Every structure is written in structure tokens, then in C-alpha cells.
Amino acid sequence: MSKSKSKRVSIPRSEAEMPSHVYSQLNTSFRSQDVEGDTNLPPVIRSKLQDLFAQIEKEFENLYNENLNLHDKIDALNEKLEKENYNPERQQTIFESTDDVIPVKTSKHKLSGSSQKLKTAHKLKAQTSKIVSSFKTPSVVCSVVKELRGHRDGVWDVAVARPGVPLVGTASADHTALIWIMESGKCALRYIGHSGSVNSIRFHPTRDLVLTASGDQTAHVWQAAITPDYNKTGASSDEDIEGGGEGESGCDTDIEGGGGTSTLRTPIAELTGHAGVVSHADWMSGGDLIITASWDRTAGLYDVEKKELVNTLTGHDQEITHVCGHHSQRLIVTSSQDTTFRLWDFREPIHSVSVFQGHTDTVTSAIFTKREEKVISGSDDRTVKVWDLRNMRSPQATIRSDSAINKLAVSNLGIIAIPHDNRQVRLFDLTGQRIARHRQGHQRMVCSVAWADEHSFSSNFFSCGFDRLILGWSIQNIKDL
């Protein structure tokens, strides 16, 4: 191997490493109780089918785990190669010393040759500066400090409530959403109002309301007012709560800290109108409007108080995978399997829309930053791109990875958290420089991440995955970056 070049080992993406949208947001699951409900198959044939499905699932899981182990070995080898072949100090010394090799007096031919070398060196420096910086020693320390268990199936989404409300919400393929106490890690509320996979969860920006989207083709708004003693849970009405006291039958024994868990069944509002799975939903600025994304290729704009659909956004050619509302302006960004994301501007009476084609595969999420006017998009094409809202012609930075990207999150300080299909979570800044990588934690793909950097607890970052786990992370020294 040449010492002057770095070689990376790569393998093609296996079918076992399936993109999240293929798994995602199913409104039913392959469970025996579901099959038995509406089938005319004889019991013997049904039993054989169930056995075959179980065998297929087992073989698939074995293949999936083998694939992940192989990727871990490849990552370790790549890191070793990077350390051996890229020494930032050595590279910097070489580039800086180039300025001194041009003699003061020389022939025209020699001057031309030296100038060409100088230009080449500076060009090489510009091209490699980002590469070298991406291999720098991680400047943050990441460690798992909490492990939240309670869901019976994969966890699609995780969200953190507003400052002063120390709650974490999770949405799962087990048809439930859970509300957790951030500090103790205990489950305070279980929402069971959906009849399909719960695909996303978001807290209201100012009120004790929660918004969930589901494979049952609806979005629900429900109450989640947790009292300071964490023992009582508010709901839309008293009769909607089951098992509100410790040790009652409504408590789930398989939820850690579930002794005080209440169960809520009835929402304040049920938003209907989609003809397909509702993959995601979010609040618009102010919290008076809700935007939903659906596999019927439309996004719906709903009035919260009236519980009515006020506008339907059309234009995407395939299923919409994600939607995000700007925190302070009437802006919406939708992501789609058609490889585009769209920016919808409602700041004027007649709204406008812009289409962006920066990816080559499904755009799994696109989000707004909180401080800078930027949009960050992630895709199954294994790239994350940073865009300036004032000039969206081309991305300001492109982050390339070896695995598909799922639901992104960005901190108040501009730290991008990227969850991957390959079980890893990586941190980058807005210029595309890698800050850290979480290689330990989840056992299956990481579906979503959320920052809790506005709260003063040991866990300032949360991730969830298809291993049914929600992990609370402590990420230190972010402010010193």
C-alpha cells in the first residue's frame, strides 16, 4: 500500500441493511392475532404460514447481524488506515513549507515550473483540508447514562418537550406512544389511541399537548400534563385515564418504573383526511396549525382549534416521509421518496413552494436549524446536506457516509446528530466536520434522535431504534467547540 494515499475499504449495501422507509410506518404487523382476525385460511395452512414467516424472520435477523458485524470490522479498519495515512500536523508542515521553495532569482522556465508546483500545492491543500479535518480527534465525550425500556416493538421517533418541561416522548410500531420523565427515566403515560403504528411524536411549543402520526391514516392531539410530583397525569377527561394509581391493572409491568404509569385512550382531536399512512406530523410556529405528511403523497394543514383540514399541499411524485415546521416563521419543509424536498412559504397570503433536487435517493428528513437560517437534509443516498435559506441553489456542505440516514436533529449550537441504519449515531458541525461517533449503544438501526440541550440533566441527547430501546446520552464539552 502506498504511504502517500489513503485507501478505504467499502462494501456494497446489503439487502439486509434495509432503508428505514422500507420498514417504516406499517399500519399492521405480522402477528398471529392480526392474521387470525380476518382470514379464511384453514388453521393448518395458517399455522404453516406462521412457521414459515418465523423462519424467514430468524434467517433475516441472522443475516442482518452478520452484516452489522462486518461493517464494524470495516469501520475499525478504515479508522486504522486513516490514522496511519493522515497526520494533520505533517500535512500542514508540508503545505506551509512549499512557500519557501521558490528562489528569488531564477529563469523564466524554472519560475513557471515552481509557480505551477505552488498552485498545485495550494490546490491540494484546499482539496484535502476538509478531509484532514474530518479525521481530527473527537472533541466531545459521549456516554450512555440512561436506558429506557417499555416498547414491545421498534421505536420510530423520539422528541423532547420545551424548556422547563422535563419530558421525553417516544412513538413505536407497537401502536403506542410513551411519555417519560427525563431525570428519572420512568414512564409516566402510555397513549393507546391509535390502531396502527405510531410513526412520529412532537410536543406543543407552549402547551401540554402532544401530536402523534400513525399508520391508521390519522394524526392525534392529546393531553400530557405531568404534575411536579410525577404521580398524576392530565388528560382530556377523567374517564379517559385507566390505571392512574400505583399498582393498578392499567400499569405495564414490562415498563421500567411503570408502577405509576397511566394509560390514555381518547385524544382531544383526531385529524383525518389522508388516504394513506401518516408518516410524520409537526406543529407550525405558534402551535395553532399542524402539518402532516402522508404516503398518499400529500401534506395536510390543519387548524388545531377547529380540528379541520384547511389546506392540502400537493406536488410530490411519491410518498412523503417527513415534515418539519420552522420554529418562528410560517415555513414548512417536506421530504419524499421522490428524492426531493420542498420548501413551502406561508408568510404571504398566497403561499409559494420551491423544489430541491440535491439527493439521488429517498429524502428521509429535512429540518430547520434553530439559530442560523439553514435547512439540513438527509437521505438514503447516504449523504447529509446543509443549505442556506437565503441561497438554496447548492448546498453549503455535504456529509458523506457509509450508511443510510434516518431522522436528523440539530442542537441549539448547530451540532447535527445523524442516526444511521448501521446502528451508529454521528455528530457533525454545520461545515461538515465530524465531531464524534457513537459506535456503542443500539443493536439495530437507529431511527431518530433528539437534543435536550436546553434542559439541565445528565442526559442531554436521546436516540431510539428498532431494538426497542431509547438511550439517554451525556455529551460533554459541546459548548467548547
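Cβ atoms are placed via backbone N, Cα and C, with glycine included.
TrEMBL labels come from automatic prediction, so no person has curated them.
Note that the structure is a prediction, hence the values are computed from the model and not measured.
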Range annotated as coiled coil - as stated in TrEMBL, picked from 46-87, 256-297, 424-465:
46-87
Given the ranges 1-20, 201-220, 361-380, which one is assigned the annotation region 'Disordered' in TrEMBL?
1-20
Helix, strand and coil counts within the repeat 'WD' (191-223) (DSSP):
0 helix, 18 strand, 15 coil
Mean of pLDDT values spanning the repeat 'WD' (191-223):
97
So what's near the repeat 'WD' (271-312) in sequence-distant terms, Cβ-Cβ under 8 Å and 6+ beyond its ends?
24-27, 157, 196, 199-200, 202, 204-207, 209, 211-221, 318-330, 332, 334-336, 344, 346
